[in-house]
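What TrEMBL says about this protein:
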type: TRANSMEM; residues: 53-73; note: transmembrane segment
type: TRANSMEM; residues: 80-98; note: transmembrane segment
type: TRANSMEM; residues: 110-127; note: transmembrane segment
type: TRANSMEM; residues: 147-165; note: transmembrane segment
type: TRANSMEM; residues: 171-191; note: transmembrane segment
type: REGION; residues: 208-262; note: region 'Disordered'
type: COMPBIAS; residues: 211-227; note: compositional bias 'Basic and acidic residues'
type: COMPBIAS; residues: 237-260; note: compositional bias 'Basic and acidic residues'
type: TRANSMEM; residues: 362-386; note: transmembrane segment
type: TRANSMEM; residues: 392-411; note: transmembrane segment
type: TRANSMEM; residues: 418-441; note: transmembrane segment
type: TRANSMEM; residues: 453-474; note: transmembrane segment
type: REGION; residues: 483-502; note: region 'Disordered'
């Protein structure tokens with residue numbers, strides 16, 4: 001019994017429960033076959049109804065609930081929102097199984113928007129119940145298990161459909177069972193005693209550890225920045241699907257804390273709503289006063305918008321390419337391959353020795369151009385296998401670039417400020433996605449068919465590529481010009497003399 005008590009009081013217990021929840025909540029065997037299910041005999045919906053009337057509801061709803069859910073998650077201290085997410089996920093799956101009309105599917109999309117908005121609770125919970133020194137392992141486990149869940153779901157769906165082991169309806173019943181397991185697991189999660197903003201754990205560092213200094217404008221001194229710049233990208237390799245979003249990365253800033261729990265003394269303090277909002281506004285102004293962070297954030301928001309649109313509607317494109325042949329039976333395998341290759345691509349960035357602060361913007365432009373080319377090929381080459389390959393390439397390139405962007409932004413930011421920047425960038429992406437959806441997709445807008453839609457998405461990424469390629473070339477040229485115009489003697493004088501240059 002003593003061993004069980006020690007295990008429950010340690011970091012492994014909440015981490016194990018959260019990973020169990022993360023796995024069972026992300027195993028969705030029907031997701032790669034959602035369009036064939038909705039447009040097939042089970043629901044009898046048309047592709048136009050799904051694309052122009054049902055899917056846009058998710059975008060609008062996600063934008064509407066993101067900020068309230070983000071604040072409520074912190075105020076309620078994560079666990080209640082995790083439980084709420086599993087309940088809403090169960091309702092979403094039930095609506096998908098037992099209802100049929102367009103209106104019912106729109107309601108289902110609204111509930112799914114609350115599911116994706118609540119992902120922030122999953123990615124923030126673990127850092128409020130474990131020691132700072134365990135952040136890296138906990139992050140690795142929680143991220144990897146979600147990637148494993150998506151991959152298992154795609155492979156399982158592929159096997160069930162290919163061998164005709166279950167109908168689409170039975171697959172949804174099986175998904176309800178998995179969601180029920182996730183819901184049951186969420187009840188056993190320990191309740192955190194503090195959070196990032198409303199219930200802060202005010203840390204007082206021991207005098208022996210006071211080796212770094214944080215300045216009033218939110219920057220850190222050279223010692224702290226140097227130590228943070230060596231952080232591996234490994235933990236951000238398992239970036240998740242396009243619909244999500246804040247998922248992915250609030251914890252990245254948390255990991256980068258240097259002192260261990262034994263070196264800190266703290267108390268929990270409650271902040272009023274006005275105090276939190278005022279502090280968030282100050283942090284927002286200070287963070288985005290950095291041009292470098294602003295450029296990376298602009299790419300993040302723009303690219304995530306285009307990525308979400310592509311992932312959301314790619315199955316409609318696949319159905320349109322060769323409708324006379326039932327190639328949709330391979331969707332699960334393609335999704336599984338794209339998950340694994342995306343993770344491998346992002347993971348490999350951690351082993352590259354590149355000065356991303358100098359070459360990063362050029363990389364954003366160049367790889368965005370390759371992604372645009374992949375989208376153009378998917379759109380205009382009427383071959384399903386070309387579409388599949390283009391999708392895998394596009395998704396892998398996005399995961400590679402978003403990993404670089406997250407790392408560059410997180411370097412030098414505290415936990416709270418990284419969470420804020422992540423939330424603002426996600427919100428910006430949703431605003432752009434809402435505008436794009438309302439004009440291009442929505443039945444009250446242009447209501448374009450799928451081929452013109454993807455032509456616009458490919459052109460959108462082409463514009464991103466041009467802008468950031470030009471910006472990257474200008475940055476490199478400016479850097480080389482500065483080096484040429486700075487005489488070596490000036491550097492020696494400034495380092496050798498006792499004078500300070502301002």
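Glycine residues also receive a Cβ, built from the backbone N, Cα and C atoms like all the rest.
Two recorded stretches are said to be in contact when at least 3 C-beta pairs lie under 8 angstroms, sequence spacing 6 or more; the transmembrane segment (110-127) and the transmembrane segment (53-73) meet this definition. The transmembrane segment (362-386) is not in contact with the transmembrane segment (53-73), judged by fewer than 3 CB-CB distances under 8 Å for residue pairs 6 or more apart in sequence.
Two recorded stretches are said to be in contact when at least 3 C-beta pairs lie under 8 angstroms, sequence spacing 6 or more; the transmembrane segment (53-73) and the transmembrane segment (418-441) meet this definition.
The highest tally of CB pairs under 8 A with the transmembrane segment (147-165), across 80-98, 171-191, 392-411, 453-474, is held by 171-191. For the transmembrane segment (171-191), the neighbouring stretch richest in Cβ pairs under 8 Å, chosen from 80-98, 392-411, 453-474, is 80-98.
Non-local neighbours of the transmembrane segment (80-98) in the same chain are 21, 25, 30, 69, 72-73, 104-105, 107-108, 111-112, 114-115, 118-122, 125, 169, 172-173, 175-176, 179-180, 182-183, 186-187, 189; each lies 6+ residues outside the stretch with a CB under 8 Å from one of its CB atoms.
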